[in-house]
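Input: a single structure, listed below in structure tokens.
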Amino acid sequence: MSSGNPGGALRALSPTPPERGSFPLDHDGECAEYMQKYLQCMRLAANENAHNCRLLAKDYLKCRMDHQLMDKDEWKNLGLPPDDKQ
């Protein structure tokens, strides 16, 4: 029985890294509250791209950036609205 590859040869798959690289997990739960609010919003919105959920996602990502759990980036690069000018 063949393995499905031409010639029956096994090839090593080379994984592709994520676009933004790896980032540390929030082991200390520093941003857990923001994450829970976002996930609850997504459940209520039936996983639709709701504006208020996007703002909660922004809060969560800001928390991750503030605690060095991800690299800082501009909101437009993350598909989120810019901060309001005050």
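Glycine residues also receive a Cβ, built from the backbone N, Cα and C atoms like all the rest.
Annotated disulfide bond per Swiss-Prot: Cys31-Cys63 (among others), in sequence order. Taking Cβ-Cβ distances under 8 Å and a sequence separation of 6 or more, the neighbours of Cys31 (disulfide bond) in its chain are Tyr60, Cys63, Arg64, His67, Leu69.
Under the three-state DSSP scheme, Cys41 (disulfide bond) falls in the helix class. What Swiss-Prot records for Cys41-Cys53 (among others) is disulfide bond, and it gives sequence analysis as the kind of evidence.
For the domain 'CHCH' (28-71), the mean pLDDT of the prediction comes to 94. Taken from Swiss-Prot, the feature domain 'CHCH' applies to 28-71, supported by sequence analysis.
What Swiss-Prot records for 1-25 is region 'Disordered'.
Among the features that Swiss-Prot reports, motif 'Cx9C motif 1' is placed at 31-41.
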Other C-beta atoms that fall within 10 angstroms of the C-beta of Cys63 (disulfide bond): 18
